[in-house]
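Data block below; observations after.
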Amino acid sequence: MMQSSKWNAMSLLMDEKTKQAEVLRTAIDEADAIVIGIGAGMSASDGFTYVGERFTENFPDFIEKYRFFDMLQASLHPYGSWQEYWAFESRFITLNYLDQPVGQSYLALKSLVEGKQYHIITTNADNAFDAAEYDMTHVFHIQGEYILQQCSQHCHAQTYRNDDLIRKMVVAQQDMLIPWEMIPRCPKCDAPMEVNKRKAEVGMVEDAEFHAQLQRYNAFLEQHQDDKVLYLEIGIGYTTPQFVKHPFQRMTRKNENAIYMTMNKKAYRIPNSIQERTIHLTEDISTLITTALRNDSTTQNNNIGETEDVLNRTD
């Protein structure tokens, strides 16, 4: 029987003086492959939250009318007309995709895994990876993307993008309604278009690009299923555990060479079968990732200026 791999990162946990950033850095360095699951907690750590001033300053009229608690509740609301639906969604997409700046934790993570075998699955639908200029062949958007549109009747498997129309909707809307003629229409059946995001009842349109992303992700998992794999879960809650949390735990259990690492202030239940191969990091996600990059002795010794450029980007 093959002996399971030894992880120095697990040993570091035994030392109370060890910083969490060092544990993260060590695990990334020693992994043969890294499967990264990213949820809303990572974008929120960069300040891209769905609550507070970011919500109240951009949607005061919707809050007054519907008493919404946050943007998530507002985005799931069954609006009475397509004019109102697109009045909200056009503002939401502009804020959370078209105009959302680059996140510092995404830049730092990209540098941390540079040169490693890695693949990302994300339940986020914002622009974070595009803004940070990731190689998108390593990213799988399992929940869709805000900028994409699909037929509301799901009459065909194709998504569409029209940035200019979204911006025009924001400018033209009045009293929480866009002009009737601006409602995007399906080119096949003429039904109104909607945002390409997964719904519990009907799912979402999964086009050729979606399936290409899925195929690349599955191929990576299969290629490294027995390797020394770090299953790194960042900012994932329990809203949709079937996409990241449960598969990561299951793959860790099946591969004795793997460890499961979660970055989350909340402590969710860990199956008994993998508790001894689980690392739970509780510090602020953005701070933890950027600190791990700064503490990378190789990066600091070889190219200090490049590291500082990554962490200081604001475009």
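Heads up, the Cβ atoms here are built off N, Cα and C, so glycines get one too.
Taken from Swiss-Prot, the feature domain 'Deacetylase sirtuin-type' applies to 13-299, supported by sequence analysis.
Here Swiss-Prot flags Ala40, Thr123, Asn124, Ala125, Asp126, Gln143, Tyr238, Thr239, Thr240, Asn264, Tyr268, Ile285 as NAD(+) binding site, drawing on similarity to another entry. Around the Cβ of Asp126 (NAD(+) binding site), 21 further Cβ atoms fall within 10 Å across all displayed protein chains.
There are 20 other CB atoms within 10 A of the CB of Cys186 (Zn(2+) binding site), with all protein chains counted. Annotated Zn(2+) binding site per Swiss-Prot: Cys151, Cys155, Cys186, Cys189, in sequence order.
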> Counting distance between Cα atoms, which of the binding-site residues Cys151, Cys155, Cys186, Cys189 is nearest Ala40 (NAD(+) binding site)?
Replying inline: Cys151
>> Among residues Ala40, Thr123, Asn124, Ala125, Asp126, Gln143, Tyr238, Thr239, Thr240, Asn264, Tyr268, Ile285 annotated as binding NAD(+), what is the maximum Cα-Cα distance? Answer in Å.
In response: 25
> If the Zn(2+) site is taken as the center of the Cβ atoms of Cys151, Cys155, Cys186, Cys189, which further residues of that chain fall within 8 Å of it by their Cβ?
Replying inline: Ser152, Gln153, His154, His156, Pro187, Lys188, Asp190, Ala191
> Considering the binding-site residues Ala40, Cys151, Cys155, which residue's Cβ sits among the greatest number of other Cβ atoms within 10 Å?
Replying inline: Cys151
> For Thr240 (NAD(+) binding site), what is the tally of other C-beta atoms lying within 10 angstroms of its C-beta?
Replying inline: 16
